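Asks: Here it is: the structure, laid out below.
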Amino acid sequence: MDFELRSAREKLEREQRERKQRAKLKLEREKKAKDAAIKQREAIEASHRAKRVDAIEAQIKADQHMQESLIAGGGIVFERVFQAVPFQGIGDKIKLPPSCFTELSDQGAFDKGPLYFELSVDYRDNKKTTHSGVLEFTAEDGTVCLPPHVWSNLFSAQDHPMDVLLVQIRYIRLPKGSYAKLQPDNLGFSDLPNHKAILETILRQHATLSMDDVLSVSYGQVSYKLQVLELKPASSISVLETDIEVDIVSPEIVSDQPSQHVLRPLQFGKPESGTVEEGRYDYYKFSIDESTAEKVMAGSVKVIVKIDVEKDGADTDLYVSKHPILFPSLNQHEWSSHDVGSKTLILESKERALSSGTYSIGVYGFKGTVKYQVSVLVQESSSGAKVGERAVSSSSDVDTVECRNCKHSIPSRSIALHEVYCSRHNVVCDHPGCGIVLRVEEAKNHLHCEKCGQALQPVEMEKHLKVFHEPLSCGCGVVLEKVQMVQHQARDCPLRLIACRFCGDMVEAGNAAADVRDRMRGMSEHESTCGSRTAPCDSCGRSVMLKDMDIHQIAVHGKSS
Ligand SMILES: [Zn+2]
Ligand SMILES: [Zn+2]
Ligand SMILES: [Zn+2]
Ligand SMILES: [Zn+2]
Ligand SMILES: [Zn+2]
Ligand SMILES: [Zn+2]
């Protein structure tokens, strides 16, 4: 009985224990579920809150953007995203689809003066902004046509025009610019004799400038990139019909291998050493002042350019030009020397007197890497040659006979002896027009070029053929040998630079003027157009075309030119 009682109590106790345990577990489970529910609700609420904040922020942003656009556009809001398409235009004027014309004109944009746009791209890690004017409204729907200047300021070289490249375009008002600071990518830009005028010409093709824009400037075969470092009064400006003060700061040259197109200054009588690789040019510049130029013209001094090289098989060519030809080359120069080894050039001109001004020297690596010394000297003209000539002519009072071998005049009393000796030791070159008398052993070193007849030593022949007779091609498409090419680039090439007689800029000569009357007056294509601008006549105030001003002055006012 006692046992039964105990076991019944134990059972009761066990059941109570188990109930308690279950209740506790249930409580814990319920609490867990409650907690989870709270957490979930909190999460949902948080996300709702966040969404609400996002929505509010988005709304604020949109309002701000609208506000900005309204302010930027001076009350006109025009924003589009178009696919960029390149086209070959000059300056910064883009082409938009016709639909934009309608929209902009509906908003009265055309009454507010020239149109400007802010263009931006934002993809991968490329985030760029620039500005532009508009050329016309003829682009295909959904596209914007960008000239090279705008294209290169928005996209990098890796961006292929065939990819879909999107540009955001926004109508914007820009203040008139008053100041720009530009930095060329390389030395030499400020050496251009008229770089300010060149810049003005470039800027005239632009409607806008933006900070960090890069402007490309071509001068003959050389091109420079100028980066916009500073603008006033704002970071993007209009350059239409404004006078902008332009500062050009020196480039930061970091590379060890400077560009070929740098002119190193050279002083008279102070040689400079250099090393030039095959196929490259080193350039130097020097100036001839008025008094030296006068002495050269009077014949009392000579200006000499010299190259000294160590004799190790490597070889240079030497070219000299007067500015505005800054970088003389095989194709374009006034003087050249192709002597093998060291060489000397005497600067004199058959066509016109040597004038004062700045000159450039080009040292070209013809073969191998060459160590050289270049120098420019002013040397007294020696009169030794003239004395020698007089000595020869003075012998003519003696009774003389011509040697049948060497054709020299020989006193008649010694002619028999001379002719015997002469025919044994001397030969006369029978190349037409040469007739030089050579010692028999020297004769094999005297050759004539088959193509041009120039007398040469055998060692010079290979170089002569390469320099003078290998065909060269000009940027304009013409193919000529060296001598004709130099003439072509100096006188005929449409790509040569000339100073416009009306605006004074250095411009490509272009073809002859289309207008017959202008062509007769020797005007280039550019001059014909440039001279069509009008200006008021000094005497009567009437508006006269620049190219007719002379005629007008003579015909109407009786002035002699
Ligand atoms: Zn003789
Ligand atoms: Zn000969
Ligand atoms: Zn020849
Ligand atoms: Zn040409
Ligand atoms: Zn002009
Ligand atoms: Zn007049």
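Each Cβ is built from the backbone N, Cα and C atoms, and glycine gets one as well.
These figures come from a predicted structure and were not determined experimentally.
Residues or ranges marked as region 'Disordered' by TrEMBL: 1-25. What TrEMBL lists as compositional bias 'Basic and acidic residues' is 1-18. Here TrEMBL flags 86-174 as domain 'Ubiquitin fusion degradation protein UFD1 N-terminal subdomain 1'. Residues annotated as domain 'Ubiquitin fusion degradation protein UFD1 N-terminal subdomain 2' in TrEMBL: 176-251. The feature domain 'TRAFD1/XAF1 zinc finger' is assigned by TrEMBL to 523-553.
Describe the structural context of each listed feature in the structure shown, including burial, neighbouring residues and relevant distances.
Replies: With DSSP classes pooled into helix, strand and coil, the tally for the domain 'Ubiquitin fusion degradation protein UFD1 N-terminal subdomain 2' (176-251) is 13 helix, 34 strand, 29 coil.
Long-range contacts of the domain 'TRAFD1/XAF1 zinc finger' (523-553) within its own chain (CB-CB distance under 8 A, at least 6 residues past either end) are made by residues 498, 500-503, 507-515, 559, 561.
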Asks: For the domain 'Ubiquitin fusion degradation protein UFD1 N-terminal subdomain 2' (176-251), what is the mean per-residue pLDDT, to the nearest integer?
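Replies: The answer is 84, the mean pLDDT of the model over that range.
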Asks: Could you count the residues of the domain 'Ubiquitin fusion degradation protein UFD1 N-terminal subdomain 1' (86-174) that DSSP puts in helix, in strand and in coil?
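Replies: Going through the domain 'Ubiquitin fusion degradation protein UFD1 N-terminal subdomain 1' (86-174) residue by residue, I get 20 helix, 34 strand, 35 coil.
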